[in-house]
């Protein structure tokens, strides 16, 4: 087959693949615990899987905690597994205002200088000196997905939300690339409500990269 024809056909296939939609995951408030903090809150207990999540190996656990801030508390906040090296609490702006916190907007794992909160279970209580964030909206991709979409780790893009009565465009969506990632965009409940997302019909579509 002619080389130029192969190049042309390959380009057409990639262009079509870039038009595919991206599944949406809505992140409610949740906690990732370190092994040490987990044992303080749930001594002698095994972290029990309630249901698997969209990313391979990740799951919602049966265990929950309360988050206690200066002006109130949020009860029954789900623990996500597996356990991590450092405890991280992810809430929305609405949640933060409700309990009197001024949490920074960060990517997962960027916890230096973030705010504190008290975590309480039936068996224990810990004061987390830092670790509370509002998660930046982002898209998980494998290296192959990133190559197909023409994006790189850490890049920000524009994404359109489709399949709702309130179509919306999100700017500054961060690309997160790793071998074990499955294609999925993550937004929080505030963002989902703004887009009128109710149920599983909504999807995301990559609109524009910002290099």
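Glycine is treated like the rest: Cβ placed from N, Cα and C.
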Among 90, 122 - the residue Swiss-Prot places in the same Zn(2+) 1 site as 30, 32: 90
Residue, out of the binding-site residues 32, 138, whose Cβ gathers the largest set of other Cβ atoms within 10 Å: 32
Remaining residues near the recorded Zn(2+) 2 site, that is with C-beta within 8 Å of the centroid of the site residues 138, 140, 186: 25, 137, 139, 174, 176, 184, 185
Top Cα neighbour of residue 28 (CoA binding site) in the set of binding-site residues 84, 90, 138, 186: 90
Separation of alpha carbons, residue 186 (Zn(2+) 2 binding site) and residue 30 (Zn(2+) 1 binding site) (Å): 13
Chain-internal residues, separated by at least six, CB under 8 A from residue 186 (Zn(2+) 2 binding site): 25, 26, 27, 135, 137, 138, 139, 140
Residue 84 (phosphate binding site): secondary structure state under DSSP, collapsed to three categories: strand
